Amino acid sequence: RDCKMERIVKANDREYNEKFQYADNRIHTSKYNILTFLPINLFEQFQRVANAYFLCLLILQLIPEISSLTWFTTIVPLVLVITMTAVKDATDDYFRHKSDNQVNNRQSEVLIDSKLQNEKWMNVKVGDIIKLENNQFVAADLLLLSSSEPHGLCYVETAELDGETNLKVRHALSVTSELGADINRLARFDGIVVCEAPNNKLDKFMGILSWKDSKHSLNNEKIILRGCILRNTSWCFGMVIFAGPDTKLMQNSGKTKFKRTSIDRLMNTLVLWIFGFLICLGIILAIGNSIWESQIGDQFRTFLFWNEGEKSSVFSGFLTFWSYIIILNTVVPISLYVSMEVIRLGHSYFINWDRKMYYSRKATPAEARTTTLNEELGQIEYIFSDKTGTLTQNIMTFKRCSINGRIYGEVPDDLDQKTEITQEKEPVDFLVKSQVDREFQFFDYNLMESIKMGDPKVHEFLRVLALCHTVMSEENSAGELIYQVQSPDEGALVTAARNFGFIFKSRTPETITIEELGTLVTYQLLAFLDFNNTRKRMSVIVRNPEGQIKLYSKGADTILFEKLHPSNEVLLSLTSDHLSEFAGEGLRTLAIAHRDLDDKYFKEWHKMLEDANAATEERDERIAGLYEEIERDLMLLGATAVEDKLQEGVIETVTSLSLANIKIWVLTGDKQETAINIGYACNMLTDDMNDVFVIAGNNAVEVREELR
């Protein structure tokens, strides 16, 4: 079969996999090796005009008829410049080789001949089964087989792939998670995986595992990628699907390119102009020589009795032209290149020594990895920045909410300090003391009152916050609940619910347990409709202890409001006003809704969902359609507002960048009011800007019209 279209891997069978000639797990990020260094490096260096010019000059000086200076006057500076640059390139590449070797020689536990053996990363082959320990780097792209956690779950940190430090959950197929840590059963595992060819899409994986006469579909949830780190999981076993250069991490890293700075380009152009000037000089002087030879030179010859063959004046001019090119070579400034290299080196040290760029908390100075960094930085004209986690701290705090048309969490007046203290104490007194998050502060006494009075809407609202999320809980040694969150937004909402008495305790793939005002309640988890960037919402379907089936949903208000039952009109307009108010304060908002489902309808829907999951064609489209179908006629409960504080120093940085005439663009997924508010908060937008205008076009044509 064609390797480019798909890949077939058999577990624990190196001979079978060898016939496909898949890449092994060794990686190269270096540019040269000992044999290719000279030719490639010289080729790169002679792309500089001045170097090429001096090489030509050297060749000319070796011709005795025209040579007017000795050849070593040229070869010494040329060899010096080329050697300096070559040494610099060689050291850069040496460090690349060093880091490659360090990675290739990392150890991993591999299952060979029914025994776990330590093996270097570079000797790991496709189809091998690897054991990973907690806090270890993943050696290759693996299919997760089993783990120490119940139901084959494991947690990975993907910071090296996508820069996100929050943990992601991966779970093994239930058929393979039964293998556990049983080495004999793992060594007998001979499943065959048929999957897509190597590609660079980090969030997609399509494949099928055939084992024991049954087929199981594989998706991204079952795969752990190279570059991730295993967290909060004592061990897990995985089977290598892609290795070395085929892994998604390496597919995403580009080739090491030969970069030229714009000052280099400018110098090349200057040297070409100077070279042109030199040729003009040479031509003028050569013509002068020819004229002189034909008019006066003859008389000299007569006077010197010099008659061996007539010397043509044109040929004499031609030779003189080359002589002059050699004599006047000092017009072309080769020293300019040397001075530039020295200056660059100096500047890169200045960056390393810069006191203001020293980060005292972690004792890390700035580090210029290339000598050309300074001139690159000097030419920046545009900065494109993300907002969350870049301009803001990505630490969310629950500030306000709107439940059933009433706002809770009004900001207290500073004058009335006595009430502030009692309000601060009140929630803490009311709740199970051990479960409160100490850092959480909420100043509105009314919400506590409503909870005590047993307002069903408020209870349902907090229940949604405690049930609809992907948070994982664990108890630490002191018996305190610790939440592992994938996104800080979710963490803030679950923590808020916890402080108001709806404490998320634990989850299994079939159940979610929460403590509601002191009583433990276990909900049966029937379906989980995950969040993604097109849906912009997340739902859970649970059966409560009374046997009713409920759908709880939270998501972007623009999306959820379209899914509401028509009877919500009055509440909808009230909540929309509240949302605009929250957004005006720069808070991030989410809408909360729910729906009661009847048994018969849910069973039919669940059957269709199972069929869609088993399908091979258009699986994603069918599942998305079913999600759409059940998330309708929702009843609105309210909305939440969470604050994300700005990083220290953002305001000053943005101001000084604007002073340097750099244009800054910030990307954010917020509502328009929130975005404008944050823009003013971090000095992106200022009061001197008299025309702040909003472009609301949905396609290129509309945007062009609005800009015009």
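Each residue, glycine too, has its Cβ placed from N, Cα and C.
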Out of 42-68, 312-338, which range is noted as transmembrane segment by TrEMBL?
312-338
Candidates Phe531, Arg588, Gly669 (binding-site residues); nearest Cα to Asp386 (active site, 4-aspartylphosphate intermediate) turns out to be Gly669
Sequence-distant contacts of the transmembrane segment (312-338), meaning Cβ under 8 Å and at least 6 residues beyond its ends, amount to 48, 50-51, 53-54, 57, 60-61, 63, 65-69, 74, 77-78, 80-81, 84, 267, 271, 274-275, 277-279, 281-283, 285-287, 289-291, 293-294, 297
Determine which residues of the chain contact the transmembrane segment (270-292) at the Cβ level, with the cut-off under 8 Å and only residues 6 or more beyond its ends counted.
49-50, 53, 313-314, 316-318, 320-322, 324-325, 328-329, 331-333, 336
Please find which two of Asp386, Lys387, Thr388, Glu490, Phe531, Lys554, Arg588, Thr668, Gly669, Asp670 have the most distant C-alpha atoms, given that the record lists them as binding ATP, and give only that distance in angstrom, rounded to a whole number.
24
Report, in whole Å, the straight Cα-to-Cα distance of Thr388 (Mg(2+) binding site) from Gly669 (ATP binding site).
9
